[in-house]
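Asks: TrEMBL lists these features:
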| type | residues | note |
| --- | --- | --- |
| BINDING | LEU20, ASN27, LYS156 | xanthine binding site |
| BINDING | ALA128, ASN129, GLY130, ASP131, ALA132 | 5-phospho-alpha-D-ribose 1-diphosphate binding site |
| DOMAIN | 33-157 | domain 'Phosphoribosyltransferase' |
Amino acid sequence: MDILKQRILQHGVVLSNQTLQLDALINHQVDPALMMELGKEFARRFREERITKVLTIESSGIAIAFATALELGVPLVFARRKKTLTTDGDVWCERVPSFTKGIVTDILVSKSVLSDQDRVLLIDDIIANGDAARGLVRILERAGADLAGVGVLVEKSFQAGARTIREQGIRFESIVTIKSLDNGTVEFE
Ligand code: G4P
Ligand code: NA
Ligand code: NA
């Protein structure tokens, strides 16, 4: 999907050799037509997987997850992030560190929107260390739901997230892979 590479080169701001600011494309503004096109691509890749729900985490994953879910004709569930755990027995909860925010948060999914009858496609915008994605995988395990695979728009392959998910035997698909942000330059795989 060269269109996403072009947009990243156009709008991305390399903040460090670890972090690419994508506010104008993903984290603060989105192009709905582009998101629909990319959602169609994920739907095409996972069409045969009998997905019953798409799962993401608020907030920046919601746009691409919505587009994918619309194409697959299934509901979108987005996990909520909370700073403190509300002791509510009706939610699945996992504690995860956040790379960009430097804090620990609890991610929550209500038991009313996820069950052992579900076969789930995880969709997210960017994967770095993979803490959020692994937290969502643990929630699916505890719910007894099947995980069909993980799709992300941008994989940073110099960080461990995507590799650790593939090493768990989980199908992992990304639209673009960034292998380096060294010297202020975005280098794709
Ligand atoms: P991880 O889930 O892969 O471990 O990601 P990590 O916890 O390391 O990062 C947490 C947040 O930082 C995620 O957003 C993730 O998308 C974002 N992030 C990580 N690296 C980059 C990067 O290079 N560029 C940009 N733009 N974002 C990055 P989040 O906490 O879920 O916040 P939100 O964006 O959904 O509000
Ligand atoms: Na994000
Ligand atoms: Na995200």
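Positions of Cβ are set from backbone N, Cα and C atoms, glycine also.
For each feature listed, report its degree of burial, its nearest neighbours and the pertinent distances within the displayed model.
Replies: LYS156 (xanthine binding site) carries a strand DSSP state (E or B). Taking a C-beta cut-off of under 8 angstroms and a sequence separation of 6 or more, LYS156 (xanthine binding site) has the following same-chain neighbours: GLN18, LEU20, ILE126, ILE127, ALA128, ALA162, THR177, ILE178, LEU181.
Using a 10 Å radius centred on the Cβ of ALA128 (5-phospho-alpha-D-ribose 1-diphosphate binding site) and all shown protein chains, the other Cβ atoms total 21.
The average pLDDT computed for the domain 'Phosphoribosyltransferase' (33-157) is 94.
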Asks: Let's check the environment of GLY130 (5-phospho-alpha-D-ribose 1-diphosphate binding site): how many other CB atoms sit within 10 Å of its CB?
Replies: 23
Asks: Can you list, in sequence order, the residues of the same chain other than LEU20, ASN27, LYS156 whose CB lies within 8 Å of the CB centroid of the xanthine site?
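Replies: Close Cβ neighbours, site residues excluded: GLY12, THR19, GLN21, LEU22, ILE26, ILE126, ALA128, VAL154, ILE178.
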Asks: Within a 10 Å radius around the Cβ, which one of these binding-site residues has the most neighbouring Cβ atoms: ASN27, ASN129?
Replies: ASN129
Asks: Which residue among the binding-site residues LEU20, ALA132 has the fewest other Cβ atoms within 10 Å of its Cβ, if you could check?
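Replies: LEU20, out of the binding-site residues LEU20, ALA132, has the fewest neighbouring Cβ atoms within 10 Å.
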Asks: For ASN129 (5-phospho-alpha-D-ribose 1-diphosphate binding site), which DSSP three-state class applies?
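Replies: Assignment for ASN129 (5-phospho-alpha-D-ribose 1-diphosphate binding site) reads coil.
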